[in-house]
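A.B. asks: So that we are looking at the same thing, I have put the structure below in structure tokens.
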Amino acid sequence: MEGVNHSVVSEFVFLGLTNSWEIQLSLFVFSSIFYLASMMGNSLIMLTVVSDPHLHSPMYILLANLSFIDLGVSSVISPKMIYDLLRKHRVISFRGCVTQIFFIHFIGGVEMVLLIVMAFDRYVAICKPLHYLTIMSPKMCILFSVTSWAVGFIHSLFQLAFVVNLPFCGPNVLDSFYCDFPRFIKLACIDTHKLKLLVSVNSGFMSVGSFFILIISYIVIIFTVQKHSASGSSKALSTLSAHVTVVVLTFGPVMFIYTWPSSFTHLDKFLSIFDAIVTPFLNPVIYTFRNQEMKMAMMRVFNQIMGYRQIIKLFHSVHS
Ligand SMILES: *[C@@H]1O[C@H](CO)[C@@H](O)[C@H](O)[C@H]1NC(C)=O
């Protein structure tokens, strides 16, 4: 047809995760709890680090940055997914779909660079302790922070440039609960084999590359720790094991989703749930439960908030 060379699909339909009402209901409860918990946990970490001058060292400032990113990670996919779990007809507009893809890759990219910066911070602290304050100066921290946002933004823009002009004319059903590349590209009505490869290589390279950089830096740090005397090494090892756990939990699912040859297994859907909902909640738990200093500071903030509540209650009871 003349003139109809553009997308005629204006919205996409999600098939969701399953048709079973019981599973959907339990997923709804499960996801809502994790979503709320990760919002509260990560906000509490940010609040604690910002309000406690003892925690104004690079390690904690980076941790607060990670918590900020985690608020984003859990908000890109979960709210829409949780809302959709209770609906029969799940749709997302074309624009909404592209926006979701953009933010998934933007925030994902920032998080990967931030985890590398956190590893670098530990490397300097443990392997070059005498130069720590000069290398991880406030200026450098800001530079690292800006770099991670820039890398995430460019990575996402680069990915999106390939797909933003794809024509969509045919089926608009996505066998998923959020928009992302492999399934989105497959719906375009031109041959997208090369494009799919390009996007997979880009995301795959980003995630596998970062993963290996991280693992290698942790191996170097662990060897250095073991060479030194035992004093302080157990504390360093416990911090490191927290980092490694977070890295494996974050990257494992992502690497599977982007590099596994066929994405037709349902495993990738459940891995996505894990990455979207569980990981952002685990980060604060893993980092704080192993860190005495952080735990104490959080208790102080928590008590303060509770204290204010008591005062407000008292105030109300006096005035009523
Ligand atoms: C993130 O890091 C930057 C640079 O050090 C810092 O200025 C900023 O306060 C941090 N953000 C949060 C939420 O702590």
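The backbone N, Cα and C atoms fix where each Cβ goes, and this holds for glycine too.
Quick paste from TrEMBL:
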DOMAIN    41-287  domain 'G-protein coupled receptors family 1 profile'
TRANSMEM  23-47  transmembrane segment
TRANSMEM  59-78  transmembrane segment
TRANSMEM  98-120  transmembrane segment
TRANSMEM  141-164  transmembrane segment
TRANSMEM  204-225  transmembrane segment
TRANSMEM  237-258  transmembrane segment
TRANSMEM  270-289  transmembrane segment
A.B. asks: Which residues of the chain, 6 or more past the ends of the transmembrane segment (204-225), have a CB below 8 A from one of its CBs?
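C.D. replies: Distant contacts of the transmembrane segment (204-225): 109, 112-113, 115-116, 119-120, 122-123, 126-127, 155, 233, 236-237, 240, 243-244, 247, 251, 254-255, 258-259.
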A.B. asks: Mark yes when the transmembrane segment (98-120) and the transmembrane segment (141-164) have three or more Cβ pairs under 8 Å (sequence separation 6 or more) and no when they do not.
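C.D. replies: Output yes: the transmembrane segment (141-164) sits against the transmembrane segment (98-120).
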A.B. asks: Look at every Cβ pair spanning the transmembrane segment (59-78) and the transmembrane segment (237-258), keep those 6 or more apart in sequence, and say whether at least 3 of them are under 8 Å.
C.D. replies: no
A.B. asks: Are there residues at least 6 beyond the ends of the transmembrane segment (270-289) whose Cβ is under 8 Å from a Cβ of it, and what are they?
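C.D. replies: That would be 17, 27, 30-31, 34-35, 37-38, 41-42, 44-45, 63, 66-67, 70-71, 73-74, 76-78, 81, 176-178, 180, 242, 245-246, 249-250, 252-254, 256-257, 295, 298.
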